[in-house]
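Trainee: Structure below; questions to follow.
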Amino acid sequence: HHHITQMKEKTIKKMANFFSIHILFFVFITGGVAVSATVFTLENSCPYTVWPGILSGNSNTLGEGGFQLTPGSSVHLTAPPGWSGRFWGRTGCNFDSYGRGSCVTGDCGGVLKCLGGGVPPATLAEFTVGSGDSSMDFYDVSLVDGCNVEMGIT
């Protein structure tokens, strides 16, 4: 019976170790015209630091392309209508005061603020935010570039 309890505890702990992205939708009323924005909340539920990498599919860069996210912390990023891009968690990173360095997984050219995609393996969360003709949002968690952190979208 003790062995089953230990297995349950390990399963619960493993499930708690993930990097999650929460999506909140807001509508701002500006001069009588509704302008929608999407707020992404990146939360680190891992027991170690994760450095999110962000690659925008258009000119609207979020979070300057990347930053450090310590265990238990979160950050809010606002995306304009029509934004598309991907988020991934980088691990084992070490950067100098100029933002140069490297990551064990998900590295993006040896810089803190990514200008391109991450090197596999890297779990991806991909988004296309609706705008204009299509107000539908599309998103997925992809393992096409491998898996380096557990990730959830809520």
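These residue numbers are counts, starting from 1, taken along the chain as shown.
Heads up, the Cβ atoms here are built off N, Cα and C, so glycines get one too.
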Trainee: Determine, on the basis of TrEMBL, the cysteine among C93, C114 paired with C108 in a disulphide.
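Mentor: So the cysteine paired with C108 in TrEMBL is C114.
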Trainee: Taking C103 as one end of a disulfide recorded in TrEMBL, give the other end from among C93, C147.
Mentor: C93
Trainee: Give the distance between the Cα atoms of C108 (disulfide bond) and C93 (disulfide bond), rounded to the nearest whole Å.
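Mentor: Rounded to the nearest whole number, the Cα-Cα distance is 11 Å.
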Trainee: Could you measure between C93 (disulfide bond) and C114 (disulfide bond) for me? Cα positions, answer in whole angstrom.
Mentor: 13
Trainee: Taking 10 A as the limit, how many CB atoms besides its own sit near the CB of C93 (disulfide bond)?
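Mentor: So the number of other Cβ atoms within 10 Å of C93 (disulfide bond) is 19.
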Trainee: Rounded to the nearest angstrom, how far is the Cα of C114 (disulfide bond) from the Cα of C103 (disulfide bond)?
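Mentor: Between the Cα atoms of C103 (disulfide bond) and C114 (disulfide bond), the distance comes to 12 Å.
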